[in-house]
Amino acid sequence: MEPLNFLKRYPVQLNPKSLTFVDSEGTGVSALNARGLTAHFTPLQNQSTYKADAMGGGNMSFPNTFVLLGFSEFPWLERPLSAVVLVSYLLTLVGNSSIILLSLVDPRLQTPMYFFLDNLSLLDLSVTCAIVPQLLTNLWGTDKTIAAWGCITQAYIFNWTACAECIVLAMMAIDRYVAICRPLQYTLIMRPSVCVQMAAVSWSSGLLNSLLQTTLTLQLPICGHHTLDHFFCEVPVIIKLACGDTSANELALAIGAIPFAGMAPLLVLISYTLIARAVLKLPSAEGRHKALSTCSSHLLVVTLYFGPAIYVYLQPPENHTQAKFMSFFYCVITPVLNPLIYTLRNKDVQTVWKRILQSQGGAKPLDAR
């Protein structure tokens, strides 16, 4: 299309840096701007207004909406996947809420181990409620958009909870180390005030990193398309949309990941190495089995959490599909497995559940019999 004919067809409003075109057909167009440079036009919020920026610079504004591609490349998978997500979502809400409520009502579960487990459940609930409702909306319908405020909220909450959970798992490993290797000093070392301080460090460090990383990302100029090849808004994925220099953001991500993806797993590894050495020195097989059984649930949760996370961040950029499915496991499946693992492998939780079910059924408690 000739520039003159193009300008006759579309109403034009000039400003020093960009041109704005209104297209009644609602389709994207490309043409020549007033200086003869190629301009690309992308839809704004009303789907019929296009903002044009000349190649080599322009006025980049933060978009009002983003498009989450999710699993749209596998349309046949969306329906069955939505069923899995819905069931996992409900089980996550029930399972993690139950653990928190049980530890509040039963004195037997008011110990340091269950205090940290409550924090883990609260983190799982937070990340699930931030991501899964939007994921279900995208899987059920054709509209894959998410409002900018929703995308920003997802980025802040996910970064916060993911980082905090790394530290909480490390604190739980320390708790297990003290319980097995320093049993006589356990109540002195892991007193309530210390546990609260450890939890506060976990939450505050995750919040600080989230505020830093996400805020820095939101300062980047966003241009071109606003499509995220993911099922939720994550800082590394948003950075890919930037058309400016992102080296500072990538450096901040690498440095910020050191305490959470580096030091936290290392602390877990050191704790369990010391635990293994102490257990092997126990004289009886029964004592070794009992000591290991207290750590098995936490060790399994740590593996399910750090395994997929490390795999995702070690993948090259071209393997985005594999990384997306691993993120799905990490965000949707792991939160529902955590309460199941601690419920099925923990006698204290099983005993509390039995007492509650018996009291609801009108049966006498076991001790009364």
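The backbone N, Cα and C atoms fix where each Cβ goes, and this holds for glycine too.
So that you can see what the record holds, here are the features copied from TrEMBL:
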type	residues	note
DOMAIN	95-342	domain 'G-protein coupled receptors family 1 profile'
TRANSMEM	81-102	transmembrane segment
TRANSMEM	114-136	transmembrane segment
TRANSMEM	156-174	transmembrane segment
TRANSMEM	251-279	transmembrane segment
TRANSMEM	291-313	transmembrane segment
TRANSMEM	325-344	transmembrane segment
With the cut-off at Cβ under 8 Å and a gap of six or more residues from its ends, the chain residues touching the transmembrane segment (291-313) are 120, 162, 165-166, 169, 172-173, 176, 179-180, 257, 261, 265, 268, 272, 275, 278-279, 282, 323, 326-327, 329-330, 334, 337-338, 341-342, 345-346
Across the domain 'G-protein coupled receptors family 1 profile' (95-342), the model's average pLDDT, rounded to a whole number, is 90
